[in-house]
Amino acid sequence: MSALPKIYRGNSTPLPDAELAALIDAYPKPSRLSEYSYGTAGFRYEASLLPCAFVRMGIFTALRSASLGGEEVGAMITASHNAERDNGMKLADSHGGMLDADWEEHAVSLANAPDSKHVLALMRTLANRVGTTAPDGKFPPMVVHIGRDTRSHSTPLAELVIRSARAMGATVIDHGTVTTPMLHHFVMHANGHMLPMCIPQRCNEGGYYEIVAMSYAALLRTGGTIVGVGGGCRRLPSASTLVIDGACGIGAIKVDEFRRIFARLSDEGCTVGLPSLRVVNFPGDGPLNVDCGAEFVQKQQSPPKFYGDSASGASRQYVTSFDGDADRVVFHYEDGGGEFHLLDGDKIAVLVSSFIQDELRCIDPDGTAVKCGVVQTAYANGSSTLYLKNVVKTNVVIAKTGVKFVHAAAHHHFDVGVYFEANGHGTVLFGPKFYDFIASAEARLRGTPRHDRANIALRRLRVLPALVNQSVGDAMSDMMLVDAILFLRGWDLSTWASLYSDMPSKQAKIKVADRTVITTNDNETAATAPVALQIALQAAMDAMATQENAKDGPKPRCFVRPSGTEDAVRVYAEANTQKGADSLASEAMILIHKLCGGVGAPPQPLITNRL
Ligand code: 16G
Ligand code: MG
């Protein structure tokens, strides 16, 4: 059952300095850590290193809310796909997306200030700079939403954040255990003036389920009205039971709620196309993110372990895996011969963007009214990029790795911007031109037969902005979007998988003394330093292209980048054969070791067994 949040009302007046100082000094900087750094997705460390930073982040989030004139912000306590021992914080800005890049440095300064005296001084400087302190010491209203995942230390860590935000006089809304995208949704909806008119404002858990489930059911229902297709779409037996691997994390608990909601929808007669949901890998069934979940499945290219589940293989023909905080999703299945097939973020981008574009063209055959496009990262498989450009015929932009970068690019470049990282992070953003398009189509199509294809397309497009979580990628709503599209297309995972074949690829990582010696261009497709590294990588790619002599399709490709979440350099290579990809990645590893201060013995050649 969805719980209501616990609300602690604040009076906008911070505690006296001495009391704030006592709270800050009770959680000194850990001696084992030289500095906190703000990674790709916020702070993420071994949990015992975090209390100091978290007390200060309670203060920080309150200040951020104050700086926005009382708009509501959020903090999510999670380390996503990391092991259980780690924890972290993702910060949600008032638009619901990730913290504005300009404020990351303030978060880092506060986290790293040597003691309470410095924290308070920084806090005053920041407050004065953004003009938030009144002469009586009162701040504008401040509201901070808090969510946490199922890790054992998430509750005590969340309590620290709540304590310090309250010490600032902020109102704190504690949502308890939720997924990361739910917390982002609450924040986006709490600042309701930013929502487009067609999305009802619902800023709690029950409202979240309602929006997602109702718009999903509405999208499925449009499949019941296709003229000339035998009365409507049918669910293929191989897509009738959707098995959800919850990574032994929060996503399993939350997605299980939809089983109840679907039962209610069925009772109410909304039965078109609803699948059976079967959730496996709940918290406690097995260790969080170990041998299961999206990270494991995508990186290992193998099926997850189904802890405590003895169902027959047949029910596993249609499986989706979430990561530990349910902000990403991949699909997969084993075919009749037991071969594993992964449908990753690239495949989702292809499915979603071609669906939206097809529906738009039913109303606007020239495809000129709304600019659609897909944002990928350098990790996108070359075959997917080629398919998007040549078959879907859409615009493609390659952006830097990390949700905050792909999200910003989708927003910047397109009226309907689809973004998915290969690892399954992604969503769709709808801009003002899309809403204008819908409004004018509604006016134009009013009175035309309901079963006309343009009318059906309009009904489909109209529910999408509510179904997708536009604040951030969301495993639950992405899963339903994908499932609805498959249903409307009459496909199962194998039809979807057969749209194009991935180029064989290889990913690896290597330790160097200082990974910042490697810098890259804006979208990370080439290294800018050390200069010799890129020259050697290019020579290796050219040699592989000659060796493989493949005429069509994407060329062998390799890039390297310092990780934003780990102390390592990441390597990606793809080629026309697995052997070629392995060899290119091995060569890159050797070059990094030689030219960038590799730690330990030179790396051994990489060999993928599944040739
Ligand atoms: C984080 C990012 C993800 C990115 C990954 C790259 C968010 C919410 N998550 O998990 O988008 O793909 O980092 O990790 O932004 P890396 O820098 O270690 O390769
Ligand atoms: Mg995650």
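We count from 1, first residue shown onward.
Even glycines carry a Cβ here, placed using N, Cα and C.
Automated prediction, rather than curation, is the source of TrEMBL annotations.
According to TrEMBL, the feature domain 'Alpha-D-phosphohexomutase alpha/beta/alpha' maps to 72-110, 143-191. The domain 'Phosphoacetylglucosamine mutase AMG1' annotation in TrEMBL covers 238-330, 344-491. Residues or ranges marked as domain 'Alpha-D-phosphohexomutase C-terminal' in TrEMBL: 550-587.
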Could you give the mean pLDDT over the domain 'Alpha-D-phosphohexomutase C-terminal' (550-587), rounded to a whole number?
92
When you scan the chain for residues with a C-beta under 8 Å from the domain 'Alpha-D-phosphohexomutase alpha/beta/alpha' (72-110), skipping those not six or more beyond its ends, what do you find?
36-38, 41-47, 50, 53-54, 56-61, 63-65, 119, 122-123, 126, 143-149, 151-154, 157-158, 161, 173, 178, 180, 183-191, 194, 247, 250, 287-290, 293-295, 323-325, 327, 403-404, 407, 470-472
Residues in the domain 'Alpha-D-phosphohexomutase alpha/beta/alpha' (72-110) grouped by DSSP into helix, strand and remaining coil:
10 helix, 14 strand, 15 coil
What is the three-state DSSP composition of the domain 'Phosphoacetylglucosamine mutase AMG1' (344-491), stated as helix, strand and coil residue counts?
85 helix, 22 strand, 41 coil
